[in-house]
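Student: When I checked TrEMBL for this same protein, it listed these features:
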ACT_SITE  296  active site, nucleophile
ACT_SITE  340  active site, proton donor
DOMAIN    135-492  domain 'Glycosyl hydrolase family 13 catalytic'
């Protein structure tokens, strides 16, 4: 081992982790309980972590931080920090918490410069009322199944499928470095490092650049309510050798507040930890050009025990990162923060000056009412009042402050695919297809930001696991179902300029027929031809030749979508789908009405 070269001067460069400059690399790390900090360099990935090829000492900045500029160190150099604890003299070899790329979660950090040849200057994130989100797990969104997880490179090729579908925003499940190769991604070991199995930081930037070239925004899942639990000993846990008892050291609470169901909770009250999380947010938004974040389990940031206790430090952290993000609203690229908050409380999406957390939207309980209405084996138990409540719900008088869906990784992974919940004995049955497609129409016409879970569009019936890729052969087998989702996405985005109301704030559920299990609602933005939209949903196994529904205007109403069209599936009945003429017969508190033919478990969309 080469002897340490002592460089007493602190770095002249701003930033944390490794900072590449002309002729060398700067290093800066927070280790307040260290007697000495050195950068340990390695010549190969297989080299023992405790046997570096050379060491360079960092200078103390006398505030808990250590840094120096190291000439001659260039990108791709492998390193760790060798930290000597000030109290015990114990020597630890730790991965840089700010490393943007590592060999693996128990390996070595890699020096990586920030520059990338972006070509997305002209990209603009769609307005919130135009978004159609597609939740995607990189490890299983794969066109080449095998014994390894999918990659960012292969997922980038799959973006063409999403363009064909009509998606304009992709939500990536967590892709920060986690233990092992297969994971949902919520067991994050190092939040800045992009999972090496997926391809690392450069492939991540390539993915985003290509998505933007295709008009697709990219939201990533970020996990701050806990880290780990696996492989934390290689990095964050007891980073500089200090801890209170058996707790996690400087990055974590060192008392009972540390406990969550998944891993240790960061210390949101410690300024350096708050800065660490804030820097990670800005790294994703700025350097990586992400268009937004979905923050996992925010009720375990602002609270304890899933929100049963209050954590003011966590609440203030959420407010701070929201305010920091809002700087980007003055940037040509808009950004969005989405909360997963199980309490569905409006203050999460209330602006910070009004003592809210400042999020732009949150996942909504719409999913529970919708699934109850779709899953029940008995038509009589379907609750149309519950569906109506879900349709009317909003946060802070803005329908686009909620994300709505009927399947996500949680439902499909923790329970099962919705098709199997509907018909466990035959998930490809007529009953399953009809109610799945009815649910799709409900999500993509309801007020809110709609989200599709990967595989729904090809009628996937498999429970989500992190080791089984999507069966893409189903796109051919069930191409009609794909076309149905495609048509709904087009209507939701008003491609034909005759369903503008689906992007509006307004809804009137003017038919809530619990006896016959029919819902009808009027969506509009400003109203009038091309804007007013009527949606009729039949939640029963019954065909109607003429179900009368109120209409807001006279004239001809054109069918833009019928889920019972046989082109979507050969066993569908082709009931309805014809234009109707509004009659001067008041109905449902509207001045006109018409009789509509509608098939069982079917949806109709009409406009003028």
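Cβ atoms here come from the backbone N, Cα and C positions, even for glycine.
Have a look at these and tell me how they're positioned relative to everything else.
Tutor: Counting only same-chain residues at least 6 apart in sequence, those with a Cβ under 8 Å from the Cβ of residue 296 (active site, nucleophile) are 174, 186, 221, 222, 223, 224, 225, 340.
For the recorded site, residue 340 (active site, proton donor), the DSSP three-state label reads coil. Around the Cβ of residue 340 (active site, proton donor), a 10 Å sphere holds 19 further Cβ atoms from the protein chains shown.
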Student: Give the mean pLDDT for the domain 'Glycosyl hydrolase family 13 catalytic' (135-492) on the 0 to 100 scale.
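Tutor: Residues in the domain 'Glycosyl hydrolase family 13 catalytic' (135-492) carry a mean pLDDT of 96 in this prediction.
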Student: Where does residue 296 (active site, nucleophile) sit in the DSSP three-state scheme?
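Tutor: Its secondary structure by DSSP: coil.
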